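Among the features that TrEMBL reports, domain 'Carrier' is placed at 4-82.
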Amino acid sequence: MINTDCRAEVHAVVAAMAPSPTAADELAEDTRLVADLAYDSVRLIELSIALERHFGLAALEESQLATVTTVGDVVDLVAALLGETR
């Protein structure tokens, strides 16, 4: 099961990096990064770097990021890289 702290931390990073002001507690797992939060390709790269730094992850591969479209996808990716499961 994904640690609730991990989920909360991912939500906080996603909210902090969002182009428009967003509170972490307003994010749902199905919140879309591009359509709902106005992320663009540059901001998505910045998000991946922020996640790498925050969680101490190795550089994220483009193939890992290709399927990430929602906040829940980001949580799942980070959890998988940290060895957690849903």
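Yeah, the Cβs are placed from backbone N, Cα and C, and that goes for glycine too.
Residue counts for the domain 'Carrier' (4-82) by DSSP state, with H, G and I taken as helix and E and B as strand, are 47 helix, 2 strand, 30 coil. Mean pLDDT across the domain 'Carrier' (4-82) comes to 95 in this model.
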